[in-house]
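Pulled from Swiss-Prot:
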type	residues	note
ACT_SITE	Asp67	active site, proton acceptor
BINDING	His63, His65, His145, Asp216	Zn(2+) 1 binding site
BINDING	Asp67, His68, Asp216, His274	Zn(2+) 2 binding site
Amino acid sequence: MELQFLGTGAGQPAKHRNVSSLVLKLLDEINEVWMFDCGEGTQRQILETTIKPRKIKKIFITHLHGDHIFGLPGFLSSRAFQASEEQTDLEIYGPVGIKSYVTNSIRISGSKLPYQIHYHEFDDTSMGKILETDKFIVYAERLAHTIFCMGYRVVQKDLEGTLDAEALRAAGVPFGPLFGKVKNGQDIELEDGTKIFAKDFISEPRKGKIITIIGDTRKTSASVRLAKDADVLVHESTYGKGDERMARNHGHSTNMQAAQIARDAGAKRLLLNHVSARFLGRDCRQMEKDAATIFENVKVVRDLEEVII
């Protein structure tokens, strides 16, 4: 499981940062990639990665400001040009209005998509659990931006315990059907009468990962709830230390506020995203240093950076 940041900037494209988009790579888990936001130029950023557009099966939009959605029509159209690849349907999750935006863009431009898009639109009345699959649950809450904006919490369901194959062999169980039964949790009896109890050879279930994606927002308790015990919290950091008033006026957060959210939520790691273009290399290091006084495990992410979860 990995995160890759396609655009980490705020507002408009900059020389060193494109606008908002990131992907959650779930290739080992379910052979899919999930995208969060799709700002202008996202498809160009994808060309710098190993991501295959057909693997992107779900797109989650935080809100309808242009720096988070202007790349969608182009990406969807280019995804249709993958002639050498099998066409796969796509699901888009986002605020009410995202379907109208996409369908009108496709219609007006005369674009033809050889795959289906399934839309899931949300408002204040439909927050909470918005998706459940065999292996993942996604929750959403409204944040505190200047327009309706959603934060997402992706929860991996607990993983099955692993089989101690060496111990099972040492107990006299041969590879074959009996081995498979124990792996599936069944108790067995060997030819000599020895009883083998599956629980003695299978570890306890492993806790699944939690990834929280916080879109544009002022500091809000909703972010703490979404980030509770998260393995990774991706939080916007448009502004730096001392810019709290400006951040509040524009519906955004500072690095210090993001660090407070991570601390209060008990998150394990904080990745600062959606950074203003005025923060360059040295400024970003200072942003990390300042935030670390509140929450130690913090990093300002860069375009195309990959983070293993």
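Even glycines carry a Cβ here, placed using N, Cα and C.
It is 14 Å from the Cα atom of His63 (Zn(2+) 1 binding site) to that of His274 (Zn(2+) 2 binding site). The binding-site residues His145, His274 differ in how many other CB atoms lie within 10 Å of their CB, and the one with the most is His274. A separation of roughly 10 Å, to the nearest angstrom, links the Cα atoms of His68 (Zn(2+) 2 binding site) and Asp216 (Zn(2+) 1 binding site). Using a 10 Å Cα-Cα cut-off around His274 (Zn(2+) 2 binding site), the binding-site residues His65, His145, Asp216 reduce to Asp216. Taking the centre of the Cβ atoms of His63, His65, His145, Asp216 as the Zn(2+) 1 site, the nearby residues of that chain (Cβ within 8 Å, site residues left out) are Thr62, Leu64, His68, Leu143, Thr146, Ile147, Cys149, Gly215, Thr217, Gly251. Residue environment of Asp216 (Zn(2+) 1 binding site) contains 27 other Cβ atoms, counted within 10 Å of its Cβ in all protein chains. Within the same chain, the residues at least 6 positions away from Asp67 (active site, proton acceptor) whose Cβ sits under 8 Å from its Cβ are Gly9, Ala10, Gly11, Gln12, Val19, Ser20, Gly39, Glu40, listed in sequence order. Apart from Asp67, His68, Asp216, His274, the Zn(2+) 2 site neighbourhood in this chain, defined by C-beta within 8 angstroms of the site C-beta centre, holds Ala10, Gly11, Val19, Ser20, Asp37, Gly39, Thr62, His63, His65, Gly215, Glu236. When other Cβ atoms within 10 Å of the Cβ of His63 (Zn(2+) 1 binding site) are tallied across all protein chains shown, the result is 25.
Sorting the binding-site residues His65, His68 by the number of other Cβ atoms within 10 Å puts His68 first.
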